[in-house]
Amino acid sequence: MGYDEAIIHLGDFGRYQKIIYFLICLTSIPVAFHKLAGVFLLAKPDFRCALPFENGSSYDLPTHLWNLSYPENERCSYYDVDYTEEYLNGSIPRSSNETKTCSSYVYDRSKYLNSAVTEWNLVCGRDFMAATSDSLFMLGVLLGSIVFGQLSDKYGRKPILFASLVIQVLFGVLAGVAPEYFTYTFARLMVGATTSGVFLVAYVVAMEMVGPDKRLYAGIFVMMFFSVGFMLTAVFAYFVHDWRWLQIALTLPGLIFMFYYWIIPESARWLLLKGRKDCAIANMQKAARFNKVEISDEALSELLDEGENSEEKAKQKLEDQELDEGPPPSVWDLFCYPNLRRKTLLIFLDWLVTSGVYYGLSWNTSNLGGNVLLNFVISGAVEIPAYIFLLLTLNRWGRRSILCGCLVMAGLSLLATVIIPQRMHTLIVACAMLGKLAITASYGTVYIFSAEQFPTVVRNVALGAASMVARISGMMAPFLNFLATIWKPLPLLICGSLTLVAGLLSLLLPETHNKPMLETIADGERFGKKTKADVYLETGQELRAPEAQPLKGSGETNGSTIANGHK
């Protein structure tokens, strides 16, 4: 009852909700722009040292000049010799094998006109700086999810969404005009923080616009708009070849969303939570009029009161329970009991691998060879069928089966790219994209699966901790791709191995589909644990179990026991 019941009386997912939902989903597109722009902003083309006798030369050199100038497989130094005409035409041998470190570079501009890497020479001893910049962007995403999440709960969804968009535009433009690396990196960190502010708030508002039976679809369609933004990033990169103008071009569409301040209503759920019932009813009546539904303020108020009373009773029951049991359970309680600890570590591993591999693959398209833009578009496009697959199967198949199957498929596909001969380029890209499709489906599954594994008393904080693990792995992803400088297939080898292991270990987690939600720490400890009672029942033997000890948060009073199996 309550707000969910009121939504149904307003026309459920009526015309008003559809329009607002669509407008909210559009904000996911610029979020994708900024999260994936680093592939082109920090693109690293082929390069070589600029030789002393060169002045504005092109990247290409005749083979004999290359052999005379550079040691084998070396791009960061050249032979320290006198490059006379006689030496260059081969008339005299090389006088020394001593090398000299580059002072300037020549870049291959056949794929990229320029990038932040070519402008600030982020190669050789400075090549880690490009990965560091992307990693700090993901640090911004982590910080933004903490800061903007709390602010939206305190001040409302609408003002924080608008503030995030304004800050995003300002720092997005600053990144495009940054005079040097550190200003650029700081601006990108701030943009990363605002992507959380925009996407997190938009996602919450989108979910609050619909009833419980449509939230699965609402959440996945938001992600589909992110995938559209993924692909559109390549379209911008195709037409805008200068990295500075590309950054600005990807930022300016955010100005369109400034008009949302006068269009998007404040969340009715948030207004009710803050006791602003009259404002919530006014917003809901606006939706009713747009949907051509007639409902009186009194009827709406009665529906909301019923929900409010139910929530207050549940809250009071929880408070009374906490007083009886002492301090409320925390995320640390997940590590105090063996079965809960095992499941928690497995879930954290799934989040770590899924997030790291997702971003690693998204940013690794330039290392696959061939047409970088085409690889990038395909990498975004394969996310759509992944989400459609989830829509069709999440409520039909087991969560564990989907998560395990998708992770194993991703692992095998990525490992296949390592053993396929390099000349079979199309097959390598196809396997990598199949891996991307599977890891995207895993990403969509792991959240629901995790929420059903954790007890209610610690569910929110546990999911927050799991999300934190995912953000940390996202920060590691740029350095994972950096390993391609050692051996090109190494990132895919690591991603494939980790994903395969995580998928197989997921079989150790209990299935949650069509199972009741866990309420207490004791429920969480028992769930998926094969007790002596189960063993005796399977063998037909009589069970005489000793009295079990109470678990924290079990819902039992002090001194009582929890039955460990059947009587």
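Please read every residue number as a count from 1 along the shown chain.
For all residues, glycine too, the Cβ spot is worked out from N, Cα and C.
Here's what Swiss-Prot has on this protein:
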- 1-21: topological domain 'Cytoplasmic' (TOPO_DOM)
- 22-42: transmembrane segment (TRANSMEM)
- 43-127: topological domain 'Extracellular' (TOPO_DOM)
- N55: N-linked glycosylation site (CARBOHYD)
- N67: N-linked glycosylation site (CARBOHYD)
- N89: N-linked glycosylation site (CARBOHYD)
- N97: N-linked glycosylation site (CARBOHYD)
- 128-148: transmembrane segment (TRANSMEM)
- 149-158: topological domain 'Cytoplasmic' (TOPO_DOM)
- 159-179: transmembrane segment (TRANSMEM)
- 180-189: topological domain 'Extracellular' (TOPO_DOM)
- 190-210: transmembrane segment (TRANSMEM)
- 211-219: topological domain 'Cytoplasmic' (TOPO_DOM)
- 220-240: transmembrane segment (TRANSMEM)
- 241-244: topological domain 'Extracellular' (TOPO_DOM)
- 245-265: transmembrane segment (TRANSMEM)
- 304-326: region 'Disordered' (REGION)
- 310-320: compositional bias 'Basic and acidic residues' (COMPBIAS)
- 344-364: transmembrane segment (TRANSMEM)
- 365-371: topological domain 'Extracellular' (TOPO_DOM)
- 372-392: transmembrane segment (TRANSMEM)
- 393-400: topological domain 'Cytoplasmic' (TOPO_DOM)
- 401-421: transmembrane segment (TRANSMEM)
- 422-427: topological domain 'Extracellular' (TOPO_DOM)
- 428-448: transmembrane segment (TRANSMEM)
- 449-462: topological domain 'Cytoplasmic' (TOPO_DOM)
- 463-483: transmembrane segment (TRANSMEM)
- 484-489: topological domain 'Extracellular' (TOPO_DOM)
- 490-510: transmembrane segment (TRANSMEM)
- 511-567: topological domain 'Cytoplasmic' (TOPO_DOM)
- 546-567: region 'Disordered' (REGION)
- 555-567: compositional bias 'Polar residues' (COMPBIAS)
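Overlay of Swiss-Prot feature records on the structure.
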| residue | record | DSSP class |
| --- | --- | --- |
| N55 | N-linked glycosylation site | coil |
| N67 | N-linked glycosylation site | helix |
| N89 | N-linked glycosylation site | coil |
| N97 | N-linked glycosylation site | coil |
Problem set entry | Spatial separation of N97 (N-linked glycosylation site) from N67 (N-linked glycosylation site) - C-alpha basis, Å | 12
Exercise. Tell me, how many other CB atoms lie within 10 A of the CB of N55 (N-linked glycosylation site), whichever protein chain they belong to?
Worked result: 7
For this session: Run the contact check on the transmembrane segment (220-240) against the transmembrane segment (159-179): 3 or more C-beta pairs under 8 Å, excluding pairs closer than 6 in sequence.
Result: no
Seminar exercise, completed: Taking only the CA atoms, the spacing between N97 (N-linked glycosylation site) and N55 (N-linked glycosylation site), expressed in whole angstrom, is 24
Exercise. Which site among N67, N89, N97 has the most other CB atoms no more than 10 Å from its CB, taking these as glycosylation sites?
Worked result: N67
Exercise. N89 (N-linked glycosylation site) to N55 (N-linked glycosylation site): how many Å between their Cα atoms?
Worked result: 18
For this session: With pairs restricted to those 6 or more apart in sequence, evaluate whether the transmembrane segment (490-510) and the transmembrane segment (401-421) have 3+ C-beta pairs under 8 Å.
Result: yes
Exercise. Which residues, given as numbers and ranges, are at least 6 beyond the ends of the transmembrane segment (372-392) yet have a Cβ under 8 Å from it?
Worked result: 32, 36, 39, 43, 111, 216-217, 220-221, 223-224, 226-228, 230-231, 233-234, 237-238, 361-362, 365-366, 402, 429, 433-434, 436-438, 440-441, 444-445
For this session: Might you confirm whether the transmembrane segment (401-421) is in contact with the transmembrane segment (128-148), defined here as three or more C-beta pairs under 8 A between residues 6 or more apart in sequence?
Result: no
Seminar exercise, completed: Under 8 Å Cβ-Cβ from the topological domain 'Extracellular' (365-371), and at least six residues away from its ends along the same chain, one finds 39, 43-44, 379, 422, 425-426, 428-429, 432, 481, 484, 488, 491
Problem set entry | Same-chain residues at least 6 beyond the ends of the topological domain 'Extracellular' (484-489) whose Cβ lies under 8 Å from its Cβ atoms | 127, 364, 367, 417-418
